[in-house]
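Q: Got a structure for you, written out below as C-alpha cells; questions coming shortly.
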Amino acid sequence: MNETKRFNIKDINEAKSKALITEAAQLLRAGQTVAFPTETVYGLGADATNSEAVARIFQAKGRPQDNPLIAHVATKEQLKKLVTEIPDYVDKLIEKFSPGPITYVLPSNGACVDNVTAGLSTIGVRIPDHPIAIELLKACNVPIAAPSANLSGKPSPTSADHVWQDLNGRIAGIVDGGPTGVGVESTVVDCTQKIPIILRPGGVTREELENTVGPVMMDPALVDISENEKPRAPGMKYTHYAPEVPLWIIDGPLERMQEVINEQRKIGNRVGVLLSSASYPQIQADNKWILGDHIQEIASKLYDGLRYYKQSDVDIIICESFPDEGLGQAVMNRLRKAASVHLK
Ligand code: TXA
Ligand code: MG
C-alpha cells in the first residue's frame with residue numbers, strides 16, 4: 001500500500017475542510033479504508049455494503065475474522081434501515097443517547113454485508129456524536145463499518161498520531177480531527193432481549209441507562225472475568241489494550257502501591273506509574289504519568305497513558321485502581337484487559 005494520506009481538519013465549517021471530507025468520503029465510496037475521529041476513539045472505516053472493503057479493515061488491523069464490526073450512520077432513520085425491529089426501550093434509548101457513545105445490537109436485516117456481522121444474525125449500530133464523523137457519514141451516504149483504528153490487541157487510538165503509529169502504510173487515509181473526547185469506546189448493549197444487556201461498558205453508564213429504561217443487566221462474562229463465562233460480544237474474549245511492557249493494577253491504599261513499586265525497583269526493574277492527580281504527589285517511581293482529576297478525564301487520557309510507556313523507558317507499568325461504578329466501570333474493564341497482574 002502507498003503512504004497513508006492525512007486529511008487535517010482545522011475547522012469543519014471552512015470550505016477547505018469540507019473539500020477534504022469529500023475527498024475522504026470518495027476513498028470510502030471507492031472501497032478503501034479511512035480512519036476518522038468519533039467522540040469515543042478513532043474508528044477505521046469502510047463501506048459496510050462492500051465485502052471487499054470490509055475485508056480490508058480485518059487485514060489492516062490483523063483482526064480475528066469472528067469479531068463483528070459496528071455499523072456507523074449519521075441519522076436515526078438510517079439506523080432503523082439496518083435492522084428488522086426496534087423494541088420500545090430502544091426507541092427511548094435512541095431518543096436519549098444517540099448521537100452518542102452507545103451501540104445497539106439488534107437483529108440485522110442484511111443491509112450490511114456478512115463480514116460486518118461476522119456471520120451473526122445481529123448487527124451493532126451506532127450514531128457517533130462528532131461533527132467530523134457525521135459530515136463524513138453524510139457524504140458517504142452508506143453505512144460505514146468501523147472498529148477502533150488500532151492494530152488488534154493494542155490500546156484504542158484517541159488521536160490521529162496513535163492511528164498513524166499503528167496503521168501508517170496499511171490504510172488509505174486518516175482524517176485528523178484532533179484528540180477524541182470520551183476516550184473509552186461506546187457502551188455495547190444487546191437489545192435483542194426483553195431487558196437490555198451491557199456487553200461492553202463504555203461512554204454511557206449503566207446508571208444512565210437504568211434511569212431511562214429501568215433495570216439493565218450486565219453480561220455475566222463482565223462480572224466473572226475468569227474463563228467460566230463466555231462473553232456475548234465476541235471482541236470481549238480477546239486480550240486487548242496491551243501496552244509495550246507488563247501492566248499491573250494495585251487495589252487498596254497507596255502505601256501498598258508504593259511497597260510494590262519499591263520491591264520492583266529493588267530487583268532492578270524501572271517502574272512507570274499511571275495515577276490520578278490526587279495520588280501523583282504521594283508516589284515515588286522512575287517515571288510518572290497523570291491520568292487526570294476525575295473519572296471523565298481519566299477515561300479520556302487512559303489510552304494515551306497506556307501508549308506513553310515504551311520498553312526503552314520502563315520495565316513495568318503500575319496503575320492505581322478506580323471505583324467500579326459510573327464511567328469507572330469502562331475504565332476498570334479496559335485496565336483489567338490490559339493488565340497481566342491485578343493485586344486485589
Ligand atoms: O466507540 C466505539 O464503539 C468505537 C468507535 C470507532 O465507534 N468502535 C469500536 O469498535 O470500539 P470495535 O470493533 O473495536 O469494538 C466493537 C465491539 C467488539 O467487542 C465486538 O465484538 C462487539 O462490539 N460487537 C459488534 N457487533 C456485535 C454483535 N452483533 N453482537 C455482539 N457484539 C458485537
Ligand atoms: Mg477495538
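Keep in mind that glycine also has a Cβ here, set from the backbone N, Cα and C atoms.
Note that TrEMBL annotation is computational and uncurated.
Per TrEMBL, the feature domain 'YrdC-like' maps to 18-204. Per TrEMBL, L-threonine binding site is recorded for Thr40, His72, Thr122, Arg126, Ala146, Ser186. Positions annotated as ATP binding site by TrEMBL: Arg63, Asn67, Ser148, Ser156, Arg200, Tyr241.
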Q: DSSP on Thr122 (L-threonine binding site), three-state: which is it?
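A: DSSP assigns Thr122 (L-threonine binding site) to strand.
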Q: What subset of the binding-site residues His72, Thr122, Arg126 lies within 10 angstroms of Ser148 (ATP binding site), using C-alpha positions?
A: none
Q: Expressed to the nearest Å, what is the distance separating Thr122 (L-threonine binding site) and Asn67 (ATP binding site) at their Cα atoms?
A: 12
Q: Can you figure out which of Thr40, His72, Arg126, Ala146 (the binding-site residues) comes closest in space to Tyr241 (ATP binding site), comparing Cα atoms?
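A: So, spelling it out, the nearest of the binding-site residues is Thr40.
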Q: Where among the binding-site residues Thr122, Ser148, Ser186 do you find the Cβ with the fewest other Cβ atoms within 10 Å?
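A: Thr122, out of the binding-site residues Thr122, Ser148, Ser186, has the fewest neighbouring Cβ atoms within 10 Å.
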Q: Between the Cα atoms of Asn67 (ATP binding site) and Ala146 (L-threonine binding site), find the distance and write it as a whole number of Å.
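A: Pair distance, Cα basis, whole Å: 12 Å.
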Q: Based on a Cβ-to-ligand 2 distance below 6 Å, what subset of the binding-site residues Ala146, Ser148, Ser186, Arg200, Tyr241 would you report?
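A: List returned for ligand 2: Ser148.
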